[in-house]
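Quick look at what Swiss-Prot lists:
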BINDING   His52, His54, His109, Asp126  Zn(2+) 1 binding site
BINDING   Asp56, His57, Asp126, His164  Zn(2+) 2 binding site
Amino acid sequence: MRLTALPAFADNYIWTLIADDGTAVVVDPGDAAPVLALADQGLRVDTILLTHHHDDHIGGVPALQARFPGVRVIAPVEERIPTATGRVGEGERVQALGRTFHVLSVPGHTRSHIAFHTAEHLFSGDSLFSLGCGRLFEGTPSQLLASMRKLGTLPAQLLLCCAHEYTVSNAVFARHVDPANAALWQRQEEALAMRRDDRSTLPVTLANEFDCNPFLRVHAAPIRASVSAHLGRDVVDDVDVMAGLRHWKDGFRA
């Protein structure tokens, strides 16, 4: 089994798991072209997994359905994804390529956002990024906190496969919030070196994210202190920290 991140648009990744026989699971194909280029070399798409309804994640589905009639399209319970052939929610499982993809409900970025994880990988869409998380378009800080806590219980060895190359820009904000975090400094330097060489900063272990990502560490004293200082008052609880942290990030300029 081979994991490939297909670049799309300015900074998207279309994650593709490819079996030895060329059969594939494709995650969030906002653009069909990168997948169709592999199809011209023999790739056969068996299953498409969709994390949420935004067009840069689902826009390529009709063209892939035309190329691969009968392909499964698994999506959240969401009326804004009309191309879905199956809909799943929290605790359900998808079987594909001999692997089990566990479904997690992770609202925040959108109200119906889901993630998929196997024994090796977490496909988080726009819920969790390396060193960051998705902007709140439809969800609440309380929902975002619950989603981050849920992702924070996953095995540390899982590889985070998120949908955007935001690591370097996220690192600047994370360092501003948590400047004494040595692991974060190291992750930033590694990410900068990777991007200078035009390499992806992903996947990355959840263990690294647990150490470095401020949105997974709202309970930690340094994060709480930074958010309190930014707000000019003591934070009340973890929801207050998450709300302040997300709002801070939304308006942050390095």
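Note that the numbers count up from 1, one per residue, in the order the chain is shown.
Glycine is no exception: its Cβ is also placed from the backbone N, Cα and C atoms.
Everything Swiss-Prot records as a feature, shown here on the structure.
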residue	record	DSSP (3 states)
His52	Zn(2+) 1 binding site	coil
His57	Zn(2+) 2 binding site	helix
His109	Zn(2+) 1 binding site	coil
Asp126	Zn(2+) 1 binding site	coil
His164	Zn(2+) 2 binding site	strand
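Take the CB of His164 (Zn(2+) 2 binding site) and look out to 10 A: across all protein chains shown you find 20 other CB atoms. Residues His52, His54, His109, Asp126 make up the record's Zn(2+) 1 site, and a Cβ search at 8 Å around their centroid adds Thr51, His53, His57, Thr110, His113, Gly125, Ser127, Gly134, Phe137, Ala163 from the same chain.
Neighbours of the Zn(2+) 2 site: apart from Asp56, His57, Asp126, His164, residues of the same chain with C-beta atoms within 8 angstroms of the site's C-beta centroid are Asn12, Asp28, Gly30, Thr51, His52, His54, Gly125, Ala163. Reported as a whole number, the C-alpha separation between His54 (Zn(2+) 1 binding site) and His164 (Zn(2+) 2 binding site) equals 13 Å.
When the binding-site residues His52, His109, Asp126 are screened for a C-alpha within 10 angstroms of the C-alpha of His164 (Zn(2+) 2 binding site), the residues that qualify, in sequence order, are Asp126. Proximity of His52 (Zn(2+) 1 binding site) to non-local residues of its own chain (separation of 6 or more, Cβ distance below 8 Å) is seen for Pro76, Glu78, His109, Thr110, Ser112, His113, Ile114, Gly125, Asp126, given in sequence order. Around the Cβ of His109 (Zn(2+) 1 binding site), the number of neighbouring Cβ atoms within 10 Å comes to 26.
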